[in-house]
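Pulled from Swiss-Prot:
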type     : residues                                            : note
BINDING  : Arg65, Gly66, Ala67, Arg106, Gln218, Asn269, Lys270 : substrate binding site
SITE     : Cys178                                              : site 'Transition state stabilizer'
ACT_SITE : Asp259                                              : active site, proton donor
Amino acid sequence: MHFPLIPMVKLEEIKQIFKPKLLPIIWNKTKLTLLDQSRLPFEKIYVDVTKVEEVSDAIRTMKVRGAPAIGITAGYGMVLAIQDSISLEKAISDLTKAKKILDESRPTAVNLMWATSRMLNKAKDLVEQGNAKSVKELKELLEIEANKIFEEEYEAELKIGLYGIEKVNDGDTILTQCNAGGLATGTGLGTALAPAKLANALGIKVSVIAPETRPWLQGSRLTVYELMEENIPVTLIADTAVGLVMFKKMVNSVMVGADRILSDGHVFNKIGTFKEAVIAHELGIPFYALAPSSTFDMISTVDQVKIEERSPDEVRSIKGVYISPKEVKVYNPVFDVTPPKYVSAIITEYGIIYPPFDKNMRRMLGK
């Protein structure tokens, strides 16, 4: 287990050196400006939202995607909820209604409910303790809280990126999967893409190979676009080319994000991750999962985690055009699970965790 402390000066330094070129979420006091990810990569369009209903719609229609990005967006949505509140009592009522509206926009998004609960509880505490004596004061203090949600996420990603750089050498090529970048987290940095972005900002030349990631094509639509915006060399490959690029030694390491990591080190991530891990293990290529500690599930066993399945038409068609018989049976799991034997290390904001994961993860979390 490797837990070097990140000197604060180094963290502050990297904040000055790296400035994201792609900002998916922009807050401007009375409005929230969102990059419409459903239109990428062919159209870069920002939309302004000023009402809770508009924020909910942006989440529901995938203008905003990725659990951390949804949480950040919801936090600012709660601030917008009291723009027109006429009293503190009405503000709490408006926030309660806003939480319900936002939570229903993506019922399975844990970060969404976490953010709206945090904002509502903060508002109640401020009013009950007399720290907000007017709606104006309450709005200002809630805006500070929403900014904290953003800043905490960004700082965690910076730390993940700095720890990840320890696994990168000048001239390396990293293989990734799906989109675990700043578009998914809302900060412009990301988790699995953070080491490549920070390395290049520090003058360490790193390139990335991105599989297309069927059926939603997050690799070709989002990861490639995001890295090109940051001027980081990236090569797009078909999902079926993953084995060959590793066999030909075109890859020095594999870095992926994670939707859930169990206490024993099982990693749940976008479908296709397991394949990369097995091939990397066979060929002696290190495989790293990069994720914040909020991703850890210290309770569930691998058999208890349900893997989501999506519409068969996502596989049968591309953008409404069928590429197979409409009647064919389809199995379309969104995620797969990588056993811990294939995971070289898990990189978090607290440090790098090596096997045995069940022991070292609990040590890190103090459990």
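Cβ coordinates are placed from backbone N, Cα and C, and glycine is handled just like the others.
Feature annotations (Swiss-Prot) mapped to structure.
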residue: Arg65; record: substrate binding site; Cβ neighbours (10 Å): 21
residue: Gly66; record: substrate binding site; Cβ neighbours (10 Å): 27
residue: Ala67; record: substrate binding site; Cβ neighbours (10 Å): 20
residue: Arg106; record: substrate binding site; Cβ neighbours (10 Å): 20
residue: Cys178; record: site 'Transition state stabilizer'; Cβ neighbours (10 Å): 27
residue: Gln218; record: substrate binding site; Cβ neighbours (10 Å): 25
residue: Asp259; record: active site, proton donor; Cβ neighbours (10 Å): 20
residue: Asn269; record: substrate binding site; Cβ neighbours (10 Å): 27
residue: Lys270; record: substrate binding site; Cβ neighbours (10 Å): 24
Pairwise CA distance, Asn269 (substrate binding site) versus Asp259 (active site, proton donor), rounded so that it is a whole Å: 5
Distance from Cys178 (site 'Transition state stabilizer') back to Arg106 (substrate binding site), taken between C-alpha atoms, in Å: 20
Cα separation, Cys178 (site 'Transition state stabilizer') to Arg65 (substrate binding site) (Å, whole number): 13
Cys178 (site 'Transition state stabilizer'): nearby recorded positions from Gly66, Ala67, Asp259, Cα cut-off 10 Å: none
Largest separation between Cα atoms (Å) of residues that the record links to substrate, namely Arg65, Gly66, Ala67, Arg106, Gln218, Asn269, Lys270: 19
Ala67 (substrate binding site) in three-state DSSP notation: helix
Asp259 (active site, proton donor) versus Ala67 (substrate binding site) - Cα distance in angstrom: 9
Where Cys178 (site 'Transition state stabilizer') sits in the secondary structure, as DSSP reduces it to three classes: coil
Rounded Cα-Cα span from the residue listed as 'active site, proton donor' to Gly66 (substrate binding site), Å: 10
